[in-house]
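*Asks:* Take a look at this one; I'll ask things after.
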Amino acid sequence: MMNLPHQTNDSQMIQDDQTEAISQMKIGFIGAGNMAFGIAQGILTSGKVSPTNIIVSAPSMNNLPRFQERGVAITQVNEEVVERSAVVFLAIKPHLIQGVLYGISRCVTQQHIIVSMAAGVTIATLEELLPAKTRVIRMMPNLPCVLMEGALILTSGSCAGEKEETLLKNLLSPCGLVEAGPEHWIDAHTGLSGSGVAFVYVFAEALAEGAVKMGMPGALAQRIAAQTILVGSHAHLQYVPEYLN
Ligand SMILES: NC(=O)C1=CN([C@@H]2O[C@H](COP(=O)(O)OP(=O)(O)OC[C@H]3O[C@@H](n4cnc5c(N)ncnc54)[C@H](O)[C@@H]3O)[C@@H](O)[C@H]2O)C=CC1
Ligand SMILES: O=C(O)[C@@H]1CCC=N1
């Protein structure tokens, strides 16, 4: 496995040891929307984690059935997610983070790993809202995680580090490309890929519209545009420069 600038051979050894631990790990999601589903789906499809080891919460039943159908435990009580999980993903909208953390903080211990995917909510803010010495990871995923073709960047707070980053990279590897780095990568990645994936759809539609204006049937034009972008991406990934220090 390629050692990235921030990764050492120890990480590889940690990662190997963690695979067994991950299969036993209790994982929780606070928030049951698009992103929680995308990540849970990626993890479940890989078989790394049993659905019986996952629990998801949301205030209403709207989004919960699609988790329940996959054997995942559901609840409308966030504290229950924290009490039953070792790794807790915060999958609620950014403006809700403060209220949700206020509600769960009394249940958070130093054994938990709290993983926020809330756009724009910094490690400093998260650590301010959580009990001292909480192990915090901030990450930026994207929706293609649901197809196991995502791109995720994660960074660790002051009480987390290489061990937690390697654990999360191992756990999230079925969701797609996962890298750890400094926190300023997260904001770059939010534009590049968190939101960037939506611009690909706009580009594909524009390509297809050009062909339609020249008389090609719309459905065919859309398929060829998608195939063109797919091939272009495969070629680019093959020749993209190695990670730079
Ligand atoms: N959708 C995307 O493409 C991406 C989203 N994100 C981040 O992921 C987070 C979730 O985004 P989405 O999944 O798109 O939102 P969403 O609106 O699809 O899902 C949010 C979920 O939170 C639940 N919720 C609302 N209030 C709650 C509360 N008090 N306690 C527990 N659950 C509550 C809702 O019922 C819903 O199930 C956001 O912070 C967003 O910035 C990050 C990268 C990409
Ligand atoms: O819905 C959101 O907040 C995220 C951030 C990047 C793309 N979507």
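The backbone N, Cα and C atoms fix where each Cβ goes, and this holds for glycine too.
Pulled these from TrEMBL:
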| type | residues | note |
| --- | --- | --- |
| BINDING | Ile30, Gly31, Ala32, Gly33, Asn34, Met35, Ala91, Ile92, Lys93, Pro94 | NADP(+) binding site |
| BINDING | Asn78 | NADPH binding site |
| DOMAIN | 26-120 | domain 'Pyrroline-5-carboxylate reductase catalytic N-terminal' |
| DOMAIN | 183-230 | domain 'Pyrroline-5-carboxylate reductase dimerisation' |
*Asks:* Which whole number is the mean pLDDT over the domain 'Pyrroline-5-carboxylate reductase catalytic N-terminal' (26-120)?
*Replies:* 97
*Asks:* Which residues does the residue listed as 'NADPH binding site' neighbour through Cβ under 8 Å, counting only same-chain ones at least six apart?
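*Replies:* The list for the residue listed as 'NADPH binding site' reads Ile30, Ser57, Val100, Gly103, Ile104, given in order along the sequence.
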*Asks:* What is the maximum Cα to Cα distance, in Å and rounded to a whole number, among the residues Ile30, Gly31, Ala32, Gly33, Asn34, Met35, Ala91, Ile92, Lys93, Pro94 annotated as binding NADP(+)?
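*Replies:* Answer in Å: the longest Cα-Cα distance is 14.
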*Asks:* Which ones in the same chain are close to Asn34 (NADP(+) binding site), with CB under 8 Å and 6+ residues apart in sequence?
*Replies:* Leu143
*Asks:* Specify the count of other C-beta atoms within 10 Å of the C-beta of Lys93 (NADP(+) binding site).
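*Replies:* Other Cβ atoms found within 10 Å: 13.
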